[in-house]
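Residues or ranges marked as active site by TrEMBL: Glu237, Cys271. Summarising the annotation, TrEMBL assigns compositional bias 'Low complexity' to 1-13. The domain 'Aldehyde dehydrogenase' annotation in TrEMBL covers 46-451. Residues or ranges marked as region 'Disordered' by TrEMBL: 1-30.
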Amino acid sequence: MQQPLELPVQQPLGDAGTATEGDSSTSGNPYAGLVSHLRAAWLSGKTRPLEYRVAQLEALGHFLEERKQDILEATALDMRKPPFEAEFSEVLLCKNELNEALNNLSQWVKDENVDRNLATQLDSAFIRKDPYGLVLIIGPCNYPIYLLLMPLIGAIAAGNCVIMKPSGVTRNSEQLVVEVLSTYLDKDCFAVVTADVEGTTRLLENKFDYIFFTGSTSVGRIVMTAAAKHLTPVTLELGGKNPCYVSDTCDVRNVARRVAWGRFYNTGQTCVAPDYVLCSAEMQEKLVPALREAITEFYGPEPRDSPDFGRIVGDKQFQRVRALLGSGRVAIGGQTDEKERYVAPTVLVDVQPSDPAMQEEIFGPILLIINVASVEEAIDFINSRERPLAIYVFSPNNKVVNQVLERTSSGGFCGNDTLMHVTLTSLPFGGIGSSGMGMYHGRFTFETFTHRRGCLQRSAGLESINALRYPPYSTQKMGLVRAATSIKRQGDCTLL
């Protein structure tokens, strides 16, 4: 999620509801015509009926079902993603999100009645769930289908029109979205745009009603700056360095397997992967051999030959990850192959907080270990840095787990495992501070793309009641208005 935005030059898409960099409009912006077309579709009210939203969501379901093999092949070509990981992450989790929306959408869209004061007891007060309008979704390269479709599902469920901008680093997945996904959706209301960096900048010049961006913190700032010009609300799903504290009393083998799985899943290119371990020197002595055993168990004696270990997504990304191997000392792995974009599952020890690998998110198959003397020191270390997207704690003692939970701040939290909190549609997912803003997953995705519109409908008559608030004012009127509109604190008593 945290790689810089690097996108190839636009390709012709060939259908209504799509755009290339060569398109033009009277405004001079190459995307203005497309934006205008989709905004007109939204203003027509086409996307508002529940039946329409359900039909488009079901069409997405057909795409996931009928094109599953195409998704597996595209992600394999892009980054040699193992079929198991591709099916679980790019397909199954999207289906879960989709089914959650389809199962509950009829309830989510209902008006929400709210409490009324005495003055409005005869009126109707409710929250209307309105779509924002025209939404822009910019996807990343590490999960090119999952992290594009997950917000798309919520945007459709909420009744919006959508322009999608998939990552161009994963060219095969991008092509699949452009040529295949777009055929499943209503082209008047949903479009796919491909663009390089310059094209994306021009795209962001247009006014959108909501922008959802997944990617690096640096590009997130650019997106937010562009959105600010139009006062457009944003969700930024960024990342950071996710700490993982391991107490001395843990079952080392279990910890090693769960940490190794979370760190090396998708070749470490996961925004919520554990970035570095905080543990005592004594625990490190036991943990390193256990990690070596877990890596061999997962990927064999030569991970390069394992069908279950992928590759870095792009050449520039490979160069950046390889440069981080100079921090600390290699305890496990460290091998690289530039031609294959291969970086072995690696563990670095003797890492200092000032080392280059501690200055940026790893976003590759490298795990750092830093020594701390106690859980208090670990908490202080975590709190001295930017707030991460996730914090992990391993301890059989719930007091230790809760101590870290209560005294730190992060986008999400998981005790005694890694990554698994992301699989629950019932939990919100999102960052805080430099790791992002806003949240999604399950109902939270629907709510992200929904404007909660406060509504009061009053009687056209009963003007004698309203007369209390009109001038000329008097002490008597103030007393009646106070009685009709005040909220009393529960448990308060009045001394007469």
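The backbone N, Cα and C atoms fix where each Cβ goes, and this holds for glycine too.
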Cα-Cα distance linking Glu237 (active site) and Cys271 (active site), given in Å to the nearest integer: 9
Packing count at Cys271 (active site) (other Cβ atoms within 10 Å of its Cβ): 31
Neighbouring C-beta atoms (10 Å sphere around the C-beta of Glu237 (active site)): 28
